[in-house]
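Each remark here refers to the structure printed beneath this line.
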Amino acid sequence: MRVTASPAAPTARRAPVRRIIGVETEYGITCASTAGGPPPLDADHAARELFAPLIARGRSSNVFTRGGARLYLDVGSHPEFATAECDSLTDLLAQDRAGELTMADLAAQANARLAAQDVPGRIHLLKNNLDAEGAGFGCHENYLVRRRGDYWNDARTLVPHLVTRQILVGAGHILTDPAGKRPARYVFSQRADQMEDAVSSATTRSRPLINTRDEPHADAEKYRRMHVIVGDSNIAQGSTLLKVGAMDLLLDYLEGGGDLSDLRLANPMRAIRDTCHDLTGTVLLELADGRTITPVELQSEHLERVRAHVDAELDLTDAHRCVLELWERGLEAVRTGNPALVATELDWAAKQQLLTRYAQRAGTGLDDPRVARLALAYHDVDPTDGLRLRLETAGLLKRIVDEPACRAAVDTPPATTRAHLRGTAVARAEELRRDLSVDWVNLKLDDGHTRPVALRDPFAAVDARVDALLAAMDEPEPPRSGILVTSP
Ligand SMILES: Nc1ncnc2c1ncn2[C@@H]1O[C@H](COP(=O)(O)OP(=O)(O)OP(=O)(O)O)[C@@H](O)[C@H]1O
Ligand SMILES: [Mg+2]
């Protein structure tokens with residue numbers, strides 16, 4: 001009798017766990033004089049000018065858009081765009097870019113009003129993280145995670161990733177010495193020098209890497225929202241894809257029982273600064289167990305574990321495959337000191353090439369004010385003053401989601417999350433001029449009698465209660481409570 005081994009049963013593969021992701025971006029604002037001289041408006045007044053049309057339409061400076069996103073002016077003068085909830089990486093890229101386009105449109109309108117009033121100023125909105133006074137502002141990522149007892153441990157084991165990922169997804173920065181003793185030099189990130197505590201529950205007192213405030217914007221028994229505070233605002237879509245996609249895969253790995261706890265850093269705050277300042281990626285970081293590791297080694301180790309997890313279990317989307325490929329190539333670029341390997345995809349490399357080539361041609365150093373202006377233009381969201389569109393059109397920055405799809409995302413929410421319900425309701429309310437109170441979870445028609453709807457499942461894009469709410473909007477507005485209507 002011949003015994004043959006039966007072929008191994010094919011292992012069932014699965015897609016990465018479906019996850020809600022949203023990115024909040026604060027924008028820098030300045031009003032440059034067009035006549036020379038000091039700015040005609042300070043940042044506060046410029047921000048108020050920017051939001052004037054929203055406020056004039058009887059709304060506040062805190063609105064939800066037809067695209068399902070939140071557009072608002074918080075304390076301070078940084079206009080903020082928080083993307084709608086996305087459950088795909090490509091939707092997130094479109095939404096993030098929709099934020100830039102929304103801001104650019106608001107600035108164009110504000111500049112037209114200033115010109116009509118003969119105010120000699122032009123408002124610029126900058127998708128960066130440091131203003132002219134040296135104050136920082138943020139770009140926060142939000143990831144839905146399933147509520148589990150060991151969330152806290154998982155969040156902490158991500159700190160080494162958050163500390164070292166800047167060698168891939170940092171937006172690049174020219175670091176100048178205020179004392180003028182050392183020449184200006186190029187580093188990975190603007191944000192690294194602003195961070196203080198590794199994990200904290202407050203964002204205002206200190207600058208943590210992960211905010212642990214428990215505000216899931218969803219069914220609190222099932223979900224948590226992981227709120228990542230450390231991260232640069234990115235211009236290159238490749239950087240955003242890698243930043244968010246790598247975290248998505250790492251969370252999948254951890255939720256599937258993966259472990260990163262042997263890679264804890266002894267001093268994350270020192271490590272984040274050391275990593276930022278060393279473009280070779282070879283600075284030695286101390287681990288909690290006394291070993292040392294370089295940022296490139298640490299990222300390679302994370303990538304290897306994620307890859308093994310993927311190979312064993314996952315069937316990746318095209319976007320996730322791009323994430324792994326770019327992660328690998330980004331590390332190779334740092335390891336070999338060859339930014340050209342990723343110069344059309346990752347911000348730090350694209351910006352470095354732009355600035356160093358300019359400085360070489362002009363025969364200056366990186367501290368030249370013209371280089372600083374070029375660096376700002378990289379982050380300017382204006383289609384003509386800003387460089388992003390020009391670089392993309394010239395093929396110097398790679399587009400992953402094309403411009404029409406990003407433009408569409410301004411008014412069209414992601415189709416597969418509750419943002420679809422919110423965006424539809426907002427659009428209908430705007431068309432019918434009905435008052436609708438909105439937050440991430442709730443929709444309430446302010447007519448005194450239609451029942452509010454709580455959308456506790458961020459994955460649900462269909463809901464009969466919302467259909468009823470839309471139908472209620474179509475009905476003639478009932479009399480306000482407190483007013484007696486009598487028939488003649
Ligand atoms: N359940 C969820 N899981 C993950 N992300 C979510 C969830 N619900 C909403 N989000 C995303 O979280 C972000 C919330 O933005 P928002 O600016 O309102 O943040 P916040 O932390 O609630 O408030 P603030 O910035 O005012 O402190 C959005 O990008 C949104 O898409
Ligand atoms: Mg916010």
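Note: Cβ is positioned from N, Cα and C throughout, glycine not excepted.
Note: TrEMBL annotation is automatic and uncurated.
Lifted from TrEMBL, the feature list:
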BINDING   Glu24, Tyr72, Glu80  Mg(2+) binding site
BINDING   Arg70, Thr83, Trp440  ATP binding site
ACT_SITE  Asp74  active site, proton acceptor
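Shown here: features listed in TrEMBL, placed on the structure.
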| residue | record | DSSP (3 states) |
| --- | --- | --- |
| Glu24 | Mg(2+) binding site | strand |
| Arg70 | ATP binding site | strand |
| Glu80 | Mg(2+) binding site | strand |
| Trp440 | ATP binding site | coil |
Whose Cβ lies within 8 Å of the mean position of the Cβ atoms of Arg70, Thr83, Trp440, the ATP site, other than those residues? Gly22, Glu24, Phe64, Gly68, Ala69, Ala82, Ala84, Glu85, Ala419
Which has the fewest other CB atoms in a 10 Å radius around its CB: Asp74, Glu80, the listed recorded positions? Asp74
Please list, in sequence order, the residues in the chain of Tyr72 (Mg(2+) binding site) that are at least six apart in sequence and whose C-beta is under 8 Å away from its C-beta. Ser61, Asn62, Val63, Pro79, Glu80, Ala82
Quick check on the binding-site residues Glu24, Arg70, Thr83: which one has the highest count of other Cβ atoms within 10 Å of its Cβ? Thr83
Taking the Cβ of Trp440 (ATP binding site) as the centre, count every other Cβ atom within 10 Å, in any protein chain shown. 22
Among Glu24, Arg70, Trp440, the binding-site residues whose C-beta sits under 6 Å from ligand 2: Glu24
At its widest, how many Å does the recorded ATP site span between Cα atoms of Arg70, Thr83, Trp440? 11
I need the neighbours of the Mg(2+) site defined by Glu24, Tyr72, Glu80. Which other residues of that chain put their C-beta within 8 angstroms of the C-beta centroid, in sequence order? Thr25, Glu26, Arg70, Leu71, Asp74, Pro79, Phe81, Ala82
